[in-house]
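Some notes on the structure that comes next.
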């Protein structure tokens, strides 16, 4: 019997997984970055490349999850990834550790984050009725925003005590969330493992295969589109615009607020307007948010930019995951979603590395905002080109 209760132990456990893996594991470092540079923990280039190390870890985590699911249950992988992500912050609370130590743990944070993004959402979504799938995805991916909001709010406070306190604080939040959701994953032992292994893309029709490819390309461009805000936003505000750490934290918290409510907003939009239409709206507004700093650096403009990109960072993830599910069905969802996550990871890793290199030789972020806004516009074109001949109802009949 599929569940229709949107908020329950399962959906909240999924929220905890994305909070740990991306909300804290990936995004909390963004709020820490300018303080780490100004306090002398790292040089500007080292701090930037440490951020990129997480993205490169993401590239490793996506295929690793795809392979490990053949040998371990989803619950075992999720629990392990949660612990790794938690200890990635606790282990960085050592100022005198060699730089390689920080690179290793930031890379592991990326690996764990990718595994949580690949494994947890499909495991949870398949337990719910198809008519609430988009809103359930919204609950799951809202964890990304809640983590970003917590880091943006708490890190400026913790920094006043010490940077070590900030590292430990983020690690403790992740570890407590791991403990609170630990038992929820024991019911996932061996769930759908056989279906996952047997399912093949050869069973899809040509229009579906083309649509999956276009969705993948759109998601790949999305990875480029969100990078300036999720790699350098606080650093841009604090060091290029000469605002305070508190201001940087507040704008990042605004991003987090948007990211917390974004999946819920796009989940409702997806159910009301259809996933394809909602994706086009989401990518368009996200492109606007990324482009706004090119028009003005006024605090109101920056706040709107933070909010828009925040809303549609996990919001587009929610819709892409759901659109993939609608296109390929439940049995292929984990495989398809792993491919989407890998493509996203490679895109953000490679482009993030190039952006970090560019910033070490340039004085302005403006080119990055322009490139990313253009990439999001291309995402809209890709989604508009997907096939809509099959309704979501027909796609889900076989699993009811």
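Note that Cβ sites are derived from N, Cα and C of the backbone, with glycine treated the same way.
Here TrEMBL flags 208-400 as domain 'Major facilitator superfamily (MFS) profile'. If you look up TrEMBL, you'll see 12-37, 49-69, 103-124, 136-161, 167-185, 209-229, 249-270, 302-325, 337-359, 365-386 marked as transmembrane segment.
Using the rule of three or more Cβ pairs under 8 Å, pairs at least 6 apart in sequence, the transmembrane segment (365-386) is not in contact with the transmembrane segment (12-37).
Same-chain residues lying 6+ beyond the ends of the transmembrane segment (103-124) with a Cβ under 8 Å from its Cβ atoms: 10-11, 13-14, 17-18, 20-22, 25-26, 29, 49-51, 53-62, 64-66, 68-69, 74, 77-78, 80-82, 84-85, 87-89, 91-92, 136-137, 140-141, 188, 191-192, 317, 321, 325, 330, 333-334, 337-338, 341, 345. Tertiary proximity for the transmembrane segment (337-359) is limited to same-chain residues at least six positions away from its ends with a CB under 8 Å from its CB atoms, namely 45, 48-49, 51-52, 55-56, 58-59, 61-63, 65-66, 114, 117-118, 121-122, 215-216, 219-224, 226-228, 231-232, 320-321, 324-325, 365, 367-368. Cβ atoms under 8 Å from those of the transmembrane segment (136-161) belong to residues 6-7, 11-12, 14-20, 22-25, 27-28, 30-32, 35, 120-121, 124-125, 128, 169-170, 173, 245-246, 248-268, 310, 313-315, 317-319, 321-322 of the same chain, restricted to positions at least 6 beyond its ends. A Cβ distance under 8 Å defines the sequence-distant neighbours of the transmembrane segment (167-185), meaning residues of its chain 6+ beyond its ends; these are 9-10, 12-13, 16-17, 19-20, 24-25, 28, 32, 74-75, 78-79, 82-83, 85-93, 147, 150-151, 154-155, 158. Long-range contacts of the transmembrane segment (209-229) within its own chain (CB-CB distance under 8 A, at least 6 residues past either end) are made by residues 201, 236, 255, 279, 283, 286-287, 289-290, 305-306, 309-310, 313, 316, 320, 323-324, 327-328, 336, 339-340, 343-348, 351-352, 355, 365, 368-369, 371-373, 375-376, 378-380, 382-383, 385-387.
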